[in-house]
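A.B. asks: One structure follows; several queries about it will come next.
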Amino acid sequence: MPIDTVMETLPGYAKDIKLNYSTLVRQNTELTPQQLWGTVVASAIATRNDTLTAAALEDGAQHLSEQALEAARIAAALMSMNNIFYRFQHLSSNEKYATMPARLRMNGMRTHGVEPVDFELWSLAVSAINGCGKCVDSHEKVLREKGAGEDLVLAAVRVASVIHAIGAVLDAEKVHQPEAAMA
């Protein structure tokens, strides 16, 4: 089921979310199609909502190459690990943790096969969803060093915020209407 169909199932209280999604997708001027749909896919995966993730992957396959779709998945997977690890370092009052090696494999960050700016945008979007300030700062810095402007960065975060909200509404509706969730 495409995301547009999922959007039709959102209740009235999510009207702003629906309108924001429509505007972001149909009137996007800042992001390339690959940047937009990679951000949608990576962000949907980060919400952990099955319905939204399946819809985003379906739509993503229409707009992204297989390699870009896989790279968006890589960004979501690696950030789900890194965001926890580096958020812990950031939040812990024990400064020693920040000096210790991560010892976590992250080869996908180098071997994803898409434009580095695109992959960084997707990583930034997932990091914003997962609330890792250290990761947000790191990815934003790399993006700026690669020539990305604040408008591009904020456009990706805007997409992430709306996708996250869609996932939250879908989860709330599962709880509100358990019989629908079982179908």
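Cβ from N, Cα, C; glycine included.
Sharing the features that Swiss-Prot gives for it:
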ACT_SITE  C132  active site, proton donor
ACT_SITE  C135  active site, cysteine sulfenic acid (-SOH) intermediate
DISULFID  C132-C135  disulfide bond
A.B. asks: For the residue listed as 'active site, proton donor', write down the residues of its own chain that are at least 6 apart in sequence and whose Cβ falls under 8 Å from its Cβ; none is a fine answer.
C.D. replies: M79, N82, N83, I84, Y86, R87, H90
A.B. asks: Is the residue listed as 'active site, cysteine sulfenic acid (-SOH) intermediate' helix, strand or coil when read with DSSP?
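C.D. replies: In the DSSP reduction, the residue listed as 'active site, cysteine sulfenic acid (-SOH) intermediate' maps to helix.
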A.B. asks: Using a Cβ-Cβ cut-off under 8 angstroms and a sequence gap of six or more, which residues of the chain neighbour C135 (active site, cysteine sulfenic acid (-SOH) intermediate)?
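C.D. replies: When sequence neighbours closer than 6 are ignored, C135 (active site, cysteine sulfenic acid (-SOH) intermediate) has M79, N82, N83, Y86, R87, S123, L124, S127 within Cβ distance under 8 Å.
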